[in-house]
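Asks: Swiss-Prot lists these features:
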SITE      Glu147  site 'Essential for proton translocation'
TOPO_DOM  1-19  topological domain 'Lumenal'
TOPO_DOM  41-64  topological domain 'Cytoplasmic'
TOPO_DOM  86-100  topological domain 'Lumenal'
TOPO_DOM  122-139  topological domain 'Cytoplasmic'
TOPO_DOM  161-177  topological domain 'Lumenal'
TRANSMEM  20-40  transmembrane segment
TRANSMEM  65-85  transmembrane segment
TRANSMEM  101-121  transmembrane segment
TRANSMEM  140-160  transmembrane segment
Amino acid sequence: MLMSILLRSVTELCPVYSPFFGSMGITASIVFTVFGGAYGTAKSSVGISSVGVMKPEFIVRSVAPVVFAGIIGLYGLIVCILLFINVTKSEYSLNRAFLDLGAGLTCGLCGLASGMAIGISGDCGVRGAAQQPKLFVGMLICLIFSEALALYGFIVALIMASTGENSCVATASSSSA
């Protein structure tokens, strides 16, 4: 694999630094989604711990925010794997590299925002549902919509990772512009 990277055709469309931008997309995808998931888990776990002191029987129902926060990291992992497949190809254009960078940032930052929303709403929701059980459904709805933020970024990242040209040879349409 290292030999194929060293033997890449270096042209104006495929400079030697193209993999750097793709690698930054991979890094952004996994790092930001894991940060979001970790924040969501930690923040909502504080609420679960305090609820466990008041009402120990409510702990099992209270783990929903932790599950939702854990799923965010999976989105980043899937995008990370797809982008890695693109970066390790023998021809890797600058166009493809920037698309991969955008895909990684999209998935990662949406995952970070989603994790923060899940953590805050999960913490408050768990505490509120322990005092008033009718709030549990409202908490779940807030968590679902918070998770949807990460899902939107995941879908856009998949579209970006699967589209775009990855050719190091100028075509007739690109050379006439």
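From the backbone N, Cα and C atoms, a Cβ is placed for every residue, glycine too.
Since this is a predicted model, take the numbers as computed values, not measurements.
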Asks: For the transmembrane segment (65-85), name the stretch out of 20-40, 101-121, 140-160 with the most CB-CB pairs under 8 Å.
Replies: 20-40
Asks: Measure from the Cβ of Glu147 (site 'Essential for proton translocation') and count the other Cβ atoms within 10 Å, all protein chains considered.
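Replies: There are 22 of them.
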Asks: Residue list, the transmembrane segment (101-121) vs rest of chain: Cβ under 8 Å, 6 or more residues beyond ends.
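Replies: Apart from its flanks, the transmembrane segment (101-121) reaches 21-22, 24-33, 35-44, 65, 68-69, 72-73, 75-76, 79-80, 83, 139, 142-143, 146-150, 152-154, 156-158, 160-161.
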Asks: With Cβ-Cβ distances below 8 Å as the criterion, list the same-chain residues six or more beyond the ends of the topological domain 'Cytoplasmic' (122-139) that contact it, or say none.
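Replies: Same-chain contacts beyond the flanks: 40, 43-44, 46-48, 50-51, 54-55, 58, 61-62, 64-66, 68-69.
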Asks: Restricting attention to the topological domain 'Lumenal' (161-177), give the mean pLDDT.
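Replies: PLDDT averaged over the stretch: 66.
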Asks: List, by number or range, the same-chain residues at least 6 past the topological domain 'Cytoplasmic' (41-64) whose CB is under 8 A from its CB atoms?
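Replies: Contacts with the topological domain 'Cytoplasmic' (41-64): 70, 116, 118-120, 122-127, 129-130, 136, 139-140, 143.
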